[in-house]
Amino acid sequence: MQYLISSLIFLIPSLGMLAGLSAAATVTIFLLISFLRGINRHCERLQGVWQSSNNVIPWLDHGIQKIQKDWIPLQAHGITMLFTAWCFISCLFAIHLINSLATFTQVFILLFLGFAVSNSAPFQNRLQLKKALIFGILTAILLFFIEYSSNGFLTRIFKTSFALYMLDRGCALLSITAWVAIIILLSNGKKRHTLMLYILVLYLLSISDSLASFLGFGIGGVIFILTRFMKPIFFKLIAISLITGSLLFPVIAKQIEPQDLSEKYLATQPSAAHRLFIWHFVANKIIEKPILGYGLASSKYIKAGDSEMIDYNGEKWHPLPLHPHNNILQITLELGIIGLILFLCLVYKYLKQISNLENKNFKAISYACFINYYIIGMISYNIWQIWWISSGIWVLVLMKLLVKPDIVIDN
């Protein structure tokens, strides 16, 4: 089982570069194997207890103490359970009930599995697993440059054509996974290697087609530095900025003039221009159902009339293709203001948990990775996409079970 975990830790970032959607499958397998590992360890411990009757009572006492200890964190998950409950309730008045319930079930099972694994015992043989992760990331970087310089040599083995945007998901996965490797190197005193890896990944993202990943990783680096130099007030600063910006975003999206902005600043970037039109359209739709929203996973079923279609430089664009390409707008559109408030409460909660970490480097990297993931979600991807949720859980599990046990006393 240890070999399987090591192989998957290497495979997820490397295979993910060529096929980003593969993370939905590979991370799920990784979580299932890790979950079974925890069950096996528990069964072995239980078997050892029953072999010696003298150990039964102490083991029961320990179990009761553990339940009492874990009950406090369980109570602290009240806001999480409220958000989950509201997501389920929103399915009941969604545009497409069956699809919404199916999406909710998939996301809930994946998040529950990720939560269970991330709160299990740390990995054994962590040095070997850390090496596997770093080699996996380096392999992903190598594969990107092979595809970039050869016009998709490997991709064209399986597909008829290649375009650089096909690596966007892999770049997004790399941008958040690289932070795990960075903290591993930094905690081992390899500052030069840390800087080299950051610059290499930043350069890779700058020549890729994934602007969201480049911005997320670049701003993540700035966040890392600010965390180290603004220790006393950084949590308040980042929390206020994120929450205020998120609350104002739907208002700003409503007020913008996408046609004028696109012609002035985005004439050569049609993809970015299209997003402005999408955000403006979504903001107007939010006004129609501001409190409850349209229901979870309803974005792609919202109809647009002929008069709402976008005519941009002779091209016809749909004002809402599948999803809003912005997590805040999608949450507000589908779950309403109620869902947005609950979501931002979760954001505050996780930022507060990061601020409570004692290790300075681990805290700074955690902030950077969180902001990286958040920014990508503000520009790209459906918030309910399984591969993207899996990517976030993957990094969380690595940080908690692979990195944290060696450098942080859990406070």
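Just so it is clear, glycine is given a Cβ too, placed from its N, Cα and C backbone atoms.
Quick look at what Swiss-Prot annotates:
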type	residues	note
TRANSMEM	15-35	transmembrane segment
TRANSMEM	78-98	transmembrane segment
TRANSMEM	101-121	transmembrane segment
TRANSMEM	133-153	transmembrane segment
TRANSMEM	166-186	transmembrane segment
TRANSMEM	207-227	transmembrane segment
TRANSMEM	233-253	transmembrane segment
TRANSMEM	328-348	transmembrane segment
TRANSMEM	361-381	transmembrane segment
TRANSMEM	383-403	transmembrane segment
Residues from the same chain, set at least six apart from the ends of the transmembrane segment (233-253), whose C-beta lies under 8 A from its own: 223, 226-227, 279-280, 282-283, 286, 326, 328-329, 332, 340, 344, 347-348, 351-352, 354-355, 367, 371, 374, 378
Surrounding residues of the transmembrane segment (166-186) on its own chain - C-beta under 8 Å, 6+ positions past either end: 12-13, 16-21, 23, 130, 133-134, 137, 140-141, 144, 147-148, 152, 155, 159, 193-194, 197-198, 201, 204-205, 208-210, 212-214, 216-217, 220, 361-362, 365, 368-369, 372-373, 376, 380-381, 387-388, 391-392, 394-395, 398-399, 402-403, 407
The transmembrane segment (78-98) versus listed stretches 15-35, 133-153, 328-348, 361-381: most Cβ pairs under 8 Å: 328-348
Annotated stretches the transmembrane segment (101-121) and the transmembrane segment (15-35) touching (3 or more Cβ pairs under 8 Å): yes
Positions on the same chain near the transmembrane segment (15-35), where near means CB under 8 A and six or more residues out: 1, 4-5, 8-9, 110, 113-114, 116-117, 120, 140-141, 143-144, 147, 154-155, 167-174, 386-388, 390-391, 393-394, 397, 401
